[in-house]
Amino acid sequence: MDDIAIELRGIDKSFGLVHANKNINLRVRKGTIHGIIGENGAGKSTLMSILYGFYQADSGEILVNGKSVAIRDPNTAISVGIGMVHQHFMLVENFTVLENVMLGAEDNQILNKGIAKARRELKRLEQEYALEVNPDALIEELPVGLQQRVEILKALYRKADILILDEPTGVLTPAEADHLFRILDQLKAQGKTIILITHKLREIMAITDEVSVMRRGEMVATRTTRETSVEELAELMVGRRVLLRVEKGESRPGDVKLAVQGLTVKDSRGVTMVDGVSFEVRAGEIVGIAGVAGNGQSELLEAIAGIRKPTAGTVLLNGRPADVAGHADPAELRSRGLAHVPEDRHHVGLVLKFEESENAILGYHRDPRYSNGVFLNIDAIRRDAEEKIGKYDIRPPNARLKTANFSGGNQQKIVLAREMERDPDVLIIGQPTRGVDVGAIEFIHKRIIEMRDQGKAVLLVSVELDEIRSLSDRILVMFAGRIVGERSPEATEGELGLLMAGVEGRKEAAE
Amino acid sequence: MSTPYAKLPGWVEYGLIPLVNLAVAFLVAGLVVLLVGENPFEAAYHLINGAFGRGEYIGFTLYYATTFIFTGLAVAVAFHAGLFNIGGEGQAYVGGIGVALACLWLDQVMPWYVVFPLAILGSAFFGAIWAFLPGWLQARRGSHIVITTIMFNFIASSLMVYLLTRVLKPLGSMAPQTRTFAEGGQLPKLDWLLSIFGLNVGTAPFNISFLLALAAAFAVWVLIWRTRLGYEMRTMGHSPSAARYAGIRESRIVVITMMISGGLAGMMALNPIMGEQFRMQLDFVQGAGFVGIAVALMGRSHPGGIIPAAILFGVLYQGGAEIAFEMPSISRDMIVIIQGLVILFAGALENMFRPPIARAFAMRGERAALVQTKGA
């Protein structure tokens, strides 16, 4: 069969006790866009890392264009025409586009010839695939969408016929994502084969020709996209029926619990990240902040939580200023009823090297239940952790296991259990379901709605527009550090997307 | 996405890997011995015999180990909070002031068991002060602790020269040292402990501060894993951003941790000053502060690992001296090379053999799983 670009036969890979890929068989037809979907930890990334030569399979065979090849490292993968666009870009920030593209393919110790060749080649690729980028622009000055384009150009420059894209839309605005899809279509039209790894069902439906579903290291199904549905794919991914829409009743907003007034935050370089932001969150409502990552949401959350010092403005918690004499203390804010689920659970919300029970008290370790001031009450801490493990269905149910060994979804549940079980007045949540599997997303969304219904004031920040729309009672859109508009959750994606891109906002502000 | 994490069984992590590292270190050391034309097996014999051959040798080995337990614990405590305290040398040196003051003050009127607790407090106090300054500079001014603690080693060295030549030296003496302490400033030997095993301590200065070192090791374990302060230190050590999130004040933890670390380093001074020489001499620390770094690395900053690591370095010191004595063509510098190789393989390259060992275990686990599935 010569129309198969990639065939995997019986790929098997274990890391210690973790069986990441179990006897995987996959066929990707030439000139198609093939989606690979699955929950976090289902083994998608491992499989692609094997295909790209980062890992070696323990057993199994890889056929490229019908020929069996041993892919020992990324260089072999490139030489057989496989290119990869990583989730986290592999670009040198202070190099130009041209320098990045030719990095590792310079041809010679003296760069002159290579540069001339690269420039010609870039021009050709630009024309052929409508991939415009200024070759002399510095990477750090390019928006994320263009940086991604450089990654694609890098792969094409190395004569890739088969492109692997790992979660490519995670950092893009809806408009940028659409643009990416157009590029992918263009590439397909030119005969390239594309493998798209994602956990977003909508993208699969929008762009792929075929889709393969992975679950717990196994390839459970391959479908023709036109003949399947979001519901079926979700069910295949999780292994049971999933509720995709969040069910929630009317909100009954009460008193103002959290008020932010003219908050301005500068980062360490003195760049204004949050610019005079004001809003209120009432008891019993969820206020969502939508926006493309990097528009000040992270800094806003940190400032409210007392981790980052604002340069101007105030935060009122239950009507009282959150900072005393310019000093906000996260520990004191916690005791006053503020719970914070941080965006980055790996570096902020958890200490990955701690055992689960130790993380279950992070930030609350001064509580008399857990310590008498000097010694920790290990028994109480573990008992408490086990209780939460049961209540939040954290798996594996082992309070003494190292946190790094839990899956993303379960790690997030550890954080949520810790913050929600304190019965706070105000709950601020950043990226509640980033890197979390579909099954856990459903659970987490339900818990957030429950918190609202119990009369908590919830502030939600997420880059997943769907999540913001389905959970929030009111949506604020942030762009370039400002709140550029407020919408109801019924607002269309297009409308929010324009605000997020700063197009509508500027008009609105001008009016 | 997250890299799958292979966990090794405890006995591999804490037993097999250090042993393999050690074996390789000795193998390379053996090659060095071969290179100078000596018989490596003979050297190995003298090393082991010199460290364990007689009660007296064992006494010396444990005497050195006592010193290294203190300095190893000092480095380990700082490690847990993510601080690299290279100033153990200077802190131990300055800690000697506390010991000397207690002894000079009371040795003629009080028995050792009154002087000892005061000397402990004094040594810990002076050591802590010497570590407080770099800690405070880091917390307040952001001066990097690695740089400042190294500089403080030099300051300590000059300070002690001044004190021992001008202030603490008895009038009329030509030697840069304090007077010899009377009975009250001399710690009893642990001869009874060795005699339980039918050994005779002989002239070895194996003294009661060994028991203090063991108690300190236990106290460090409690501090790190059972107290709130230890929890906060570990949080900061693993993830400063998580510590900030948890409302843990970084500057407070840095200063307190450094003082505890310095205090432990300072207590090292008890062993040579009150246990062996009965006076404070110039350069009595003799590099023990730096050996502490290797001990802490090798013992993985866990008291349960630091004690055996300290004993190993005790063996290298005592047995090494014996090699130099018995095999004249192997100079003292050769011994330092061997010690350096141990530090290199056990400390700096401790992860060299981990991946192959982990892989071997992964394969073994797989085979076991296969057997299981076939059996089922």
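Glycine is no exception: its Cβ is also placed from the backbone N, Cα and C atoms.
Automated prediction, rather than curation, is the source of TrEMBL annotations.
Source: prediction; values computed, not measured.
Now, the feature entries from TrEMBL:
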- B:12-37: transmembrane segment (TRANSMEM)
- B:57-79: transmembrane segment (TRANSMEM)
- B:113-133: transmembrane segment (TRANSMEM)
- B:145-164: transmembrane segment (TRANSMEM)
- B:204-224: transmembrane segment (TRANSMEM)
- B:253-274: transmembrane segment (TRANSMEM)
- B:280-299: transmembrane segment (TRANSMEM)
- B:306-324: transmembrane segment (TRANSMEM)
- B:330-349: transmembrane segment (TRANSMEM)
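Tertiary proximity for the transmembrane segment (B:57-79) is limited to same-chain residues at least six positions away from its ends with a CB under 8 Å from its CB atoms, namely 49-51, 85, 88, 91-92, 127, 189-190, 194, 199, 201-202, 204-207, 209-210, 213-214, 216-217, 220, 223-224, 233, 237, 257-258, 260-265, 267-268, 271-272, 275-276, 288-289, 291-293, 295-296, 299, 301-303, 306-307, 309-311, 313-315, 317-319, 322. The stretch with the most CB contacts under 8 Å to the transmembrane segment (B:253-274), chosen from B:113-133, B:145-164, B:204-224, B:280-299, B:330-349, is B:113-133.
Tertiary neighbourhood of the transmembrane segment (B:280-299): same-chain residues 18, 67-76, 79, 86-93, 96-97, 99-100, 153, 160-161, 164, 168, 175-178, 265, 268-269, 272-273, 305-310, 312-313, 342-343, 346-348, 350, selected by CB-CB distance under 8 Å and a gap of 6+ residues from either end. Most Cβ pairs within less than 8 Å of the transmembrane segment (B:113-133), among stretches B:145-164, B:204-224, B:306-324, B:330-349, belong to B:145-164.
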